[in-house]
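Heads up: the structure comes next, in structure tokens.
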Amino acid sequence: MSTRWQILTAVALGSALGAGLRYVLVIVLLSSGLPGAIWGTLLANVLGSGLIGWYAGRLQHPLHAFQHSTATQQFVMAGFCGGLTTFSFFSLELLSFLLEQQYGFAGLYLATSLTVWVVAAHIGFRRGCK
């Protein structure tokens, strides 16, 4: 199998696993009585942002750098983290709040989401660099 096909296969498998985990998060939260779609999206994006930040930090750390192939890196970052995170769902949820004229909640959801995703990526990156 050529390198391009290995990378494509790795990204596809990682995406399937990441999206599967996102779905499980939503189902678990729904079964607990919480609004699963909103909290599931938020949690998936926090986890994905933290993981991609940590992994990127580990890739760059001079003493502990991962010696992973390009296919493995793409499996984790483009595949798993990309499949886990849900900007499209986030956008649709935000739009639905705006269409329902829930402007305050939409603003809070937007600000909270962006803040915690960037903070999670930063924390992950810093931990990955240690």
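Every residue, even glycine, has its Cβ placed from backbone N, Cα and C.
What TrEMBL says about a protein is an automatic prediction, not a curated fact.
Positions annotated as transmembrane segment by TrEMBL: 7-30, 36-55, 75-99, 105-125. Annotated Na(+) binding site per TrEMBL: Gly82, Thr85, in sequence order.
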As a test of the contact definition, list every same-chain residue at least 6 positions from Thr85 (Na(+) binding site) whose Cβ is closer than 8 Å to its Cβ. Gly18, Arg22, Ala44, Asn45, Gly48, Ser49
Which sequence positions outside the transmembrane segment (105-125), separated from its termini by at least 6 residues, show Cβ-Cβ distances below 8 Å to it? 38, 41-42, 45-47, 49-57, 90, 93-94, 97-98
Would you mind listing, in sequence order, the residues at least six apart from Gly82 (Na(+) binding site) in the same chain with a Cβ closer than 8 Å to its Cβ? Val11, Gly14, Ser15, Gly18, Gly48
